[in-house]
């Protein structure tokens with residue numbers, strides 16, 4: 001072979017080796033960057049798993065003015081407890097009901113600022129049951145208040161309502177053998193619009209949100225669209241009970257709170273023996289048909305919820321939700337032992353943690369503190385699991401004392417047992 005051809009062949013081989021080497025180095029570099037992508041946030045557009053830190057730098061000030069519309073049978077008691085504990089840690093005033101309203105703001109009447117106990121005004125937060133009235137809430141709350149609520153899938157919610165209020169709602173009491181299936185087979189045979197506690201038997205979500213629960217989207221689609229528009233105008237976040245931890249991640253980010261601020265113990269949960277393990281498909285369809293207004297609300301806000309998660313970065317939200325669950329389990333173990341379990345009220349020794357029982361047919365579960373505990377940690381754990389009525393009573397006494405109404409210090413352990421529901425509350429006179 002001529003010398004010139006030999007030199008050309010050697011040059012070609014060297015170039016091929018360089019290309020191969022560069023290709024290997026390039027692949028290795030890209031592989032390393034992808035591997036580090038979930039930990040490095042230097043180029044978020046290329047690596048979507050790069051998530052914002054839990055604590056912003058510089059940190060935003062935590063938002064203190066929050067109004068939570070506590071809807072019925074939607075995990076609202078757990079959210080309320082989160083807000084109550086945050087308010088206590090930051091010495092905030094929580095709006096609480098006038099004594100004649102008991103522990104709700106004279107529900108099911110439309111909310112009025114007159115229903116708020118004078119010792120708890122002006123408030124930073126509000127989280128007790130009420131029927132939404134925008135004008136009255138804006139009259140009461142600070143101008144920078146962030147409004148939040150929570151919805152639950154209507155079939156599951158209705159099963160819970162039917163079980164929980166079976167002894168109080170006449171429409172449910174009329175049903176033979178307290179059968180949900182019998183009621184949903186012919187709901188008009190048992191339901192009477194406008195009677196005592198009727199709102200628990202038909203479109204309860206719509207009623208809580210201030211809507212007309214007797215309207216049907218099948219007959220008036222414009223009404224549902226208008227109600228959705230009203231909710232969107234007011235509420236910065238509509239949480240979804242089925243995705244509770246993801247909802248708390250969005251809430252934490254909205255309010256610029258820390259992860260520790262949204263840790264929780266599950267409250268007001270029924271025992272397995274008091275609920276259907278699964279709702280048959282036909283029964284779920286019947287429940288959604290009967291509660292069509294609620295179904296329309298839920299379907300819309302469930303869709304907007306996931307669009308919001310997508311904007312925040314679904315992988316990032318899921319990662320933070322996992323971190324929340326892990327931190328929550330550590331907290332529960334520290335407070336309630338290595339294997340914290342929900343217990344029937346009869347097995348809870350600490351009276352302040354015994355949840356109210358709506359009837360003999362329904363067991364509401366709770367936690368108990370290990371014996372021998374004392375000190376700040378015990379008090380924090382007590383509040384973590386404290387039922388709504390006891391916590392509301394405690395906060396009212398504490399805020400009265402802060403306002404000079406009472407001078408004797410109140411103990412967190414000094415809580416009377418909750419009273420049963422008897423009748424509609426009276427309207428308080430004056431302010």
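Glycine is treated like the rest: Cβ placed from N, Cα and C.
Feature annotations, courtesy of Swiss-Prot:
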{"type": "TOPO_DOM", "residues": "1-19", "note": "topological domain 'Cytoplasmic'"}
{"type": "TOPO_DOM", "residues": "41-431", "note": "topological domain 'Lumenal'"}
{"type": "CARBOHYD", "residues": "91", "note": "N-linked glycosylation site"}
{"type": "CARBOHYD", "residues": "110", "note": "N-linked glycosylation site"}
{"type": "CARBOHYD", "residues": "177", "note": "N-linked glycosylation site"}
{"type": "CARBOHYD", "residues": "302", "note": "N-linked glycosylation site"}
{"type": "REGION", "residues": "400-431", "note": "region 'Disordered'"}
{"type": "COMPBIAS", "residues": "421-431", "note": "compositional bias 'Low complexity'"}
What's the number of neighbouring CB atoms sitting within 10 A of the CB on residue 302 (N-linked glycosylation site)?
15
Using CB atoms and a 10 A radius, I'd like the single residue among the glycosylation sites 91, 110, 177 with the highest neighbour count.
110
Tell me whether residue 177 (N-linked glycosylation site) sits in a helix, a strand or coil according to DSSP.
helix
Measuring CA to CA, name the entry from the glycosylation sites 91, 110, 177 that ends up nearest residue 302 (N-linked glycosylation site).
110
Distance between residue 177 (N-linked glycosylation site) and residue 110 (N-linked glycosylation site) at the Cα atoms, whole Å?
33
DSSP three-state call for residue 110 (N-linked glycosylation site): helix, strand or coil?
strand
To the nearest whole angstrom, state the Cα distance for the pair residue 110 (N-linked glycosylation site) and residue 91 (N-linked glycosylation site).
29
